[in-house]
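Novice: Have a look at this one before I ask anything.
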Amino acid sequence: MCFPRRAARGPRPPRRGFQRAAAPGFGPRDLGRRASGPRPRVISDSAHTALRHPPRGTSLPHLAPRRTGDGAATRRRAIPLDPAQLKTRLAEAARAEGFAAMGVCRPDAIPEAAPRLARFLEAGRHGDMGWMEARSHWRGDPTTLWPEARSVIMLAEAYTPAEDPLALLEMPDRASVSVYARGPDYHDRVKKRLKRLAGAFLAEAGPETGVKVFVDTAPVMEKPLAQAAGLGWQGKHTNLLGREIGNWVFLGAIFTTAELPADAPEVSHCGTCRKCLDICPTQAFPAPYQLDATRCISYLTIELKGPIPREFRPLIGNRIYGCDDCLAVCPWNKFAAEASGALYQSRVELNRPRLTDFAALDEAGFREVFAGSPIKRIGHARFLRNVLIAMGNSGVSELIPWVEARIDDPAPLVRGTAVWALSRLAPGRLAARAPARPDPDPQVAEEWRLALAETGGAARRA
Ligand code: B12
Ligand code: SF4
Ligand code: SF4
């Protein structure tokens, strides 16, 4: 069920055209489930009056959470409601918390996820993300993660940007930070709200009920679960999108031992569209609905710890943290849910930052500027690696001194990337800056060798 928040935005355009265009071969059968039963109900204000029994005592959204830790089973004594009432009350509380949509599925609702995950891992598409492999048995099969769970409550929280993020890609002296990272860290925000919601749920669910709360980092496949719970479908870009929420949403999950009525799964409404596949700068989609993470700029700039492979560097442009291209072009964003209150408003300094402002940050400055931001997670050296690649791609000669300033950086990752960036921005200056002896770090030495060979500097130096 989606929670409409668009009263002020005028009437919704008809969406029949999209539905008719549903792509053959990607229907409910491919998802391993029948899309029978009613579509998840849109909760409007009238749902309050639809409740048979008015809330007893304190209303759900205001109840404080009790012992709801990440992954920790929790119990609380209360007068139980029947499962349908419980779900209605939960939906009310979810809406009051600012979630854009909620749905319920059974833990065994995604039988196709495990074999698909296995194929993804076998093909090495997870790259350096060894943690995906480590707990893949839990990830692929939620029934093994917590066998007592009877329902999975999936929630979507909107972070729709106010402006088109693609516009920033045309400004070479600026850094493009992906929309999700421009505000406070969503892990903290979403988890806090999920825990509050779980606490409210427990107050109503009865003394024997248990819950566990998961956001992103747990071994849970949130996208297929969200599709099974009817929130939307995994688009050809593999992200979850919905007809009423678009694709700028974070996902979170509450597992519970309570048996709540399940929603009908959603089917793909991508139809013949392939905008996300075509725009991808690194051709990271081997096929529709499949991603090779090792080619994705989000992986390369956030997850990859070492040097970014040379073939991808020119394609990264000025994206210094994540990438939004495939999300930004999706036509379903016309119907995107509004971002959840002020929570995801961008920090001003992350909207159109100058590359030079970022290059000037030392370790302490980096920590200070990115306190509470997901960007802090990649650390100073990886951050500078990304900024230097953007500088190398900029074609802006004013940036040359900034790149040269990092060519002797103590971090091999930084000085190796600076060599590459200088070879792009000022190939003529490379030979003059080359060290007399090969760099002690073999990867940096290799950067020098390749850069000098590519720019003809090796010959001049000899
Ligand atoms: C690992 C990971 C990444 C990796 C890999 C992404 C990926 N698509 O797998 C990297 C670092 C690249 C990444 C990038 C991003 N991520 Co990420 N990521 C995750 C994480 C932790 C696990 C995802 C996972 O399990 N991948 C493994 C693959 C196998 O699973 P899958 O994508 O669901 O694959 C399915 C399809 O391939 C499909 N499939 C395969 N074959 C076929 C064939 C057919 C016919 C069909 C129909 C389907 C199909 O079946 C698979 C199983 O369902 C989740 C959080 C979580 N715990 O779920 C967040 C998550 C997916 N990420 C998220 C976000 C926001 C992003 C970025 C937008 C961030 C950014 N701006 O840079 C990008 C988007 C890139 C993209 N196009 O996917 C959100 C997505 C929210 C949403 N609306 O879907 C999540 C859910 C985090 C959250 N809690 O909100 N991410
Ligand atoms: S996030 Fe960017 S690089 Fe990754 S798949 Fe989408 S468009 Fe391609
Ligand atoms: S842009 Fe959106 S609608 Fe089009 S194929 Fe991609 S996910 Fe589907």
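Placed from the backbone N, Cα and C atoms, the Cβ positions cover glycine too.
TrEMBL labels come from automatic prediction, so no person has curated them.
Since we're looking at a predicted model, the values are computed, not measured.
Okay, so TrEMBL annotates it like this:
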type	residues	note
BINDING	R139, D216, L240, L251, S298, C323, D324	cob(II)alamin binding site
BINDING	C270, C273, C276, C330	[4Fe-4S] cluster 1 binding site
BINDING	C280, C296, C323, C326	[4Fe-4S] cluster 2 binding site
BINDING	K305	tRNA binding site
COMPBIAS	1-18	compositional bias 'Basic residues'
COMPBIAS	19-28	compositional bias 'Low complexity'
DOMAIN	258-290	domain '4Fe-4S ferredoxin-type'
REGION	1-75	region 'Disordered'
Novice: Quick check for the class: what is the C-alpha distance, in angstrom and rounded, between C273 ([4Fe-4S] cluster 1 binding site) and C323 (cob(II)alamin binding site)?
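Specialist: C273 ([4Fe-4S] cluster 1 binding site) to C323 (cob(II)alamin binding site), Cα-Cα distance: 20 Å.
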Novice: When you measure from each Cβ to the nearest atom of ligand 1, which of the binding-site residues C270, C280, C296, C323 fall under 6 angstroms?
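Specialist: The binding-site residues passing the 6 Å Cβ test are C296, C323.
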Novice: Enter the number of other CB atoms within 10 angstroms of the CB of D324 (cob(II)alamin binding site).
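Specialist: A count of 24.
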Novice: Can you go through the binding-site residues R139, C270, C296, S298, C326, C330 and pick out those with a C-beta less than 6 angstroms from ligand 2?
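Specialist: Listed by sequence, the hits are C296, S298, C326.
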Novice: Over the domain '4Fe-4S ferredoxin-type' (258-290), what is the model's average pLDDT?
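Specialist: Averaged over the domain '4Fe-4S ferredoxin-type' (258-290), per-residue pLDDT gives 98.
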Novice: Taking 8 Å from the centroid of the Cβ atoms of C280, C296, C323, C326 as the cut-off, which other residues in that chain fall inside it around the [4Fe-4S] cluster 2 site?
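Specialist: Near the [4Fe-4S] cluster 2 site, the remaining chain residues are H237, C276, I279, P281, T282, A284, F285, L291, I297, S298, D325.
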Novice: Which binding-site residues of L240, L251, C280, C296, C323, D324 contact ligand 3 in the sense of C-beta under 6 Å?
Specialist: none
Novice: Near C296 ([4Fe-4S] cluster 2 binding site) in space, meaning Cα within 10 angstroms, which of the binding-site residues do we find among R139, D216, C330?
Specialist: none
Novice: Translate the DSSP assignment of L251 (cob(II)alamin binding site) into the three-state scheme.
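Specialist: The residue in question, L251 (cob(II)alamin binding site), is strand (DSSP, three-state).
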Novice: If one measures from the C-alpha of L240 (cob(II)alamin binding site) to the C-alpha of C326 ([4Fe-4S] cluster 2 binding site), what distance in angstrom results, rounded to a whole number?
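Specialist: That separation, Cα to Cα, works out to 12 Å.
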Novice: Max Cα distance spanning R139, D216, L240, L251, S298, C323, D324 (cob(II)alamin binders), Å?
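Specialist: The span, Cα to Cα at its widest, is 25 Å.
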Novice: Using an 8 Å cut-off from the Cβ centroid of C270, C273, C276, C330, can you name the remaining same-chain residues around the [4Fe-4S] cluster 1 site, in sequence order?
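Specialist: Apart from the listed residues, the neighbours are G235, K236, H237, L241, R274, K275, L277, V329, P331, W332.
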Novice: Round to a whole number and give the Cα-to-Cα distance in Å for the pair C270 ([4Fe-4S] cluster 1 binding site) and C280 ([4Fe-4S] cluster 2 binding site).
Specialist: 16
